[in-house]
Amino acid sequence: MTRTNSDFLSSTDPAIAELINDELQRQRDHLELIASENFTSAAVLAAQGSVLTNKYAEGLPGKRYYGGCEYIDKIEQLAINRAKQIFGAAHANVQPHSGAQANFAVFLSLLQPGDKIMGMDLSHGGHLTHGSPVNVSGKWFQVSHYGVSQQTEQLDYDQIRELALRERPKLLICGYSAYPRIIDFEKFRSIADEVGAYLLADIAHIAGLVASGLHPDPIPHCHVVTTTTHKTLRGPRGGLILTSDAELGKKLDKSVFPGTQGGPLEHVIAGKAVAFGEALKPEFKTYSAQVIENARALAEQLQNRGLKLVSNGTDNHLLLVDLRSVNLTGKQADQLVSTVNITANKNTIPFDPQSPFVTSGLRLGSPAMTTRGLGVAEFTEIANIISDRLLSPDSDVVTQDCRQRVAALCDRFPLYPHLEIPVPALA
């Protein structure tokens, strides 16, 4: 009888097997609304749990420092080719272990310590790697930050241009972790050209929407594009670097290896290749369109229930609830929805009076539950559940009712029904 990986795990380490099962059950029983999370396909999971994890493969396809890479080369080349096809890029490096690693490789290629970079303020929706003082990007480089308009809570390109003209950064960064609106990459390139800066687009959150043609494409306008491969792209956790400049591509490759990494994780790269193949199918565009439609349905019903949204809505997969009008902090709201098995995250909002550890916002996203098959009607119901819980924070009756409604949704849309690790009874 053929034994599966799960069989070996359960017999070798039942404690870990049981904890994995516990996490599987948690994912099944919760509404996952963290905007940066998603559920990969079973095929991606299989690729990541394969014998590819055994192979060291420093270098690039055809140029390895180790022997025995003939099949590894084919897998990585497939991932590269598919990434280039998805995004229309001339060059792709699929080796970065994460989006942060991808960004750091770009910095190593384009900058010297002490150079000036300019990105969005973290509290307005930016990312740690875009110059936050707690990140290496904020320690090695001079940093100036732009934000959103206090009136519209959206990007003001005239203000960004004025700041860029004053600060003269060597690298201008666009792309965000908590910005619910469309990004105009063409305007950013115009600003970058005017001040003689490189333009980096970090599309970690919107890569799947870009791949589906549902968000403007950064490739024609940006010197470099980085992304994670999970989130809306629905692949394994990892990073990706894209450019249409072949010479710059060579520098970027060297900045990944040997510049910032050693051996690539070829089992993860195989998972990336599988996910990229999935993203090339027509069904993925249908999925991405539903992600946006579901986020808008969630936003609309939250507003109908009296909750305020940053920028008054969303154009993509995420939205930010401004909780000040209901006298809650983001930390409190996060804890309240968690009591009814909804997973979200507290988040700063523009001009937030609270600390980053408390915040005034709650970030919500639609990708994961769209993967489970939920549509507009279900996201409207999710908005009602969230509203009921936040607007009646002290009601045990409401809490129990919300928990039952969450359970009903999870039961209707099962997650990974084929997965289970048999665990022997622990002594």
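Just so you know, glycine gets a Cβ as well, placed from its N, Cα and C.
If you draw a 10 Å sphere around the CB of LEU122 ((6S)-5,6,7,8-tetrahydrofolate binding site), it holds 24 other CB atoms from the protein chains shown. Annotated (6S)-5,6,7,8-tetrahydrofolate binding site per Swiss-Prot: LEU122, GLY126, HIS127, LEU128, SER355, PRO356, PHE357, in sequence order, evidence recorded as sequence analysis.
All protein chains shown were included, and the count of other CB atoms within 10 Å of the CB of LYS231 (N6-(pyridoxal phosphate)lysine) stands at 28. The N6-(pyridoxal phosphate)lysine feature in Swiss-Prot is assigned to LYS231.
The feature site 'Plays an important role in substrate specificity' is assigned by Swiss-Prot to HIS230, with sequence analysis given as support. Counting every protein chain shown, 27 other Cβ atoms lie within 10 Å of the Cβ of HIS230 (site 'Plays an important role in substrate specificity'). The DSSP secondary structure for HIS230 (site 'Plays an important role in substrate specificity') is coil.
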With an 8 Å cut-off on Cβ-Cβ distance and a minimum sequence separation of at least 6, pull the same-chain contacts of SER355 ((6S)-5,6,7,8-tetrahydrofolate binding site), or say none.
none
Return the residues near PHE357 ((6S)-5,6,7,8-tetrahydrofolate binding site) by Cβ distance under 8 Å, restricted to its own chain and a separation of at least 6 in sequence.
LYS331
Binding residues LEU122, GLY126, HIS127, LEU128, SER355, PRO356, PHE357 ((6S)-5,6,7,8-tetrahydrofolate) - maximum C-alpha distance in whole Å:
16
Taking the Cβ of GLY126 ((6S)-5,6,7,8-tetrahydrofolate binding site) as the centre, how many other Cβ atoms fall within a 10 Å radius?
25
